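Listed features, source Swiss-Prot:
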- 169: substrate binding site (BINDING)
- 230: N6-(pyridoxal phosphate)lysine (MOD_RES)
- 322: N6-acetyllysine (MOD_RES)
- 1-27: transit peptide (TRANSIT)
C-alpha cells in the first residue's frame, strides 16, 4: 500500500487529541517521519518457535525493534529499526524513578490468506498520544508512528504466528529519559516498540471463566487521576492486590469505586454486564468513560458491534454492586465478562464480595453473547470477514 493511500486512510481514522494540561509550547517537539526510517537488519536471527511450541505471553521477542530518541533542543531524531537489544539508561532516568512512562498494546493477525493485519491501531495511537500529553512527554505524529510500526512488523513478518488464536503482540513504549533526580518536564525521551508472538488466551479454544475478588478497600483509579491513561504507574500497584485475590481463591480483582461500590474494571480488563434491567429491557451495560475507566479498544469494538446488531439496549453507565446483587437474586443476570487485548472476551462465574460468594450464571447461559462476540471478532481479525477496522501490513 502506498504512503499516499495510507495517509488518506489514517487521516480519516485518527482523531484530534485535546489535553488541558499541555498547552502549546509546553512539550517541545518535532515530528519524526517514516520516510526517514533507518533499517539495520540483524546478522544473528533467532530461532523462531516451532508451530507446536506454546507461545507464552511476553516471553518470546522478535529479531528487531523500533527506536526513536527525542530531546528538547532538537526534537525527534530519525526513527530506526535495529536488532532487538537491551537499553542503556542513566541511573537517574526519570522513567525509572518517577514513572514518567507509558505504553500501548495492540495485535497483528495473520489470516488464512497469509496477509498480516493490525486490529484498529488508530485507537491505540489516539490513546498513546493522550497518555503522553498527560505526562507532558513529547508529542508525536500518530500517522508517522503507525507507519513505522507497520514497517517494523513487515521486517519481522515471518514471526507472526498463524495458528488458531495466535497473533503478534505489539508493545510501543514512551519513557522520560531525563538524567536527573528532579521531578519535572523531561528534556530527553525515548520511544521504542517491541514485538512478541503470543498464543491463544484460552488454549484449545476452551473457555475458562474467572472468579473475582471485589474488595472496596482497594482502589485502582479515581476522579481527577490517570485511570484513563495507559501508564506503567497504574499497573505496578495492582500486583499486591492480585496476590491478595489469589490467596482468597480468586483469579482476578473486580475494582470498585466510591461509597456505592461502582464496578469499574476487572484486573486489567473493562467489564460488561449482560442482563435484564430492572425496567424489563434486555441490556448490555459497561461503566462510562468518566476518567476512571481505560478506553479499551476491545471495549469500544464490543459496543460498536452490539449497537450495529440493534437487538438489545447498549448502555455506558454506572453499575453498582447493590444493583448487581439484586439482579442476581431476581435471576436477571445472563453474563458478566471482561474485555481486553490479551483475552478479547473473558467470562466471569463468581464474585467474592463482603465475605460471600456470588454465583454468576455466565456459563449456564451459553455464554451466548460472549461466544457471538468472539466469533465476530475472530472473523474480522483473521480476515475472513472484510472490515475497515483492520490495517493491512
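Note: Cβ is positioned from N, Cα and C throughout, glycine not excepted.
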Check: Helix, strand or coil at the residue listed as 'N6-(pyridoxal phosphate)lysine', per DSSP?
Finding: coil
Item checked: Euclidean distance between Cα atoms of the residue listed as 'N6-(pyridoxal phosphate)lysine' and residue 322 (N6-acetyllysine), Å -> 29
Margin query: Comparing the modified residues 230, 322, which residue's C-beta has the most other C-beta atoms within 10 angstroms in this structure?
Written below: 230
Item checked: Euclidean distance between Cα atoms of residue 169 (substrate binding site) and the residue listed as 'N6-(pyridoxal phosphate)lysine', Å -> 16
Check: Same-chain residues six or more away whose CB lies under 8 A from the CB of residue 169 (substrate binding site)?
Finding: 57, 58, 105, 106, 107, 195, 196, 197, 198, 341
